[in-house]
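A.B. asks: A single structure is presented below for examination.
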Amino acid sequence: MGARFSRIAKRFLPKSKVRILMVGLDGSGKTTILYKLKLGEVVTTVPTIGFNLETVEYKGINFTVWDIGGQEKIRKLWRHYFQNAQGLIFVVDSSDSERLSEARNELHRILTDNELEGACVLVFANKQDSRNALPVAEVANKLGLHSLSKRCWLIQGTSAISGQGLYEGLEWLSTTIPNKPERSTSVSSFRSDSYERKLVRGPRY
């Protein structure tokens, strides 16, 4: 009886709202990921000129996800969306090793912006279903993630087509992003390298 009442009550409780910015190089699969999370299916996409905005509900949290185009000429506009972002999803194509240095430069460039100082960083190492996909640990090294010693981050292997790893990423965001602005963001030293080609964790706030 009590459990049933609890389930009913949750339907009427206000949902937490979290603002997420999703960026990455063009062709990394950002928009496919967004609509896989939103609709549960793969949709036909075209290169994003501007942005896509959708709300994804997960475990009582409304994630407002801003998917920003990744073409080089658009990247200088990313900073206009940084304000009030509580989480950053950075999507990389694990199968395109030639562009990982470019992705690294863009990631570290935007993380110097004060507007993203408190944002948790979730890296989706996408296209893990590709024959040419690099192991997640190698992607993490090429992106220089272990140098982000003062920031909360996680890299998650994903496939936008099958949905592999996407909800694991949302789970991490839902348990990591502070629900209240005044909550402390001090670092507690934590890192686990048991990833099985899927997961590499950074320090947990």
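Every residue number used here counts from 1 along the chain in the order it is shown.
Glycine too: its Cβ is placed from the backbone N, Cα and C atoms.
Quantities reported herein were computed from a predicted structural model and do not represent experimental measurements.
Under the heading GTP binding site, Swiss-Prot lists 24-31, 67-71, 126-129. The N-myristoyl glycine annotation in Swiss-Prot covers GLY2, and the record cites sequence analysis as its basis.
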A.B. asks: Helix, strand or coil for ILE68 (GTP binding site)? Use DSSP.
C.D. replies: strand
A.B. asks: Let me spell it out: for each of the binding-site residues (GLN71, GLN128), count the other Cβ atoms within 10 Å of that residue's Cβ, using every protein chain shown. Which one has the most?
C.D. replies: GLN128
A.B. asks: Please report the DSSP secondary structure of GLN128 (GTP binding site), reduced to three states.
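C.D. replies: Assignment for GLN128 (GTP binding site) reads coil.
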A.B. asks: Let's check the environment of GLY24 (GTP binding site): how many other CB atoms sit within 10 Å of its CB?
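C.D. replies: The answer is 24.
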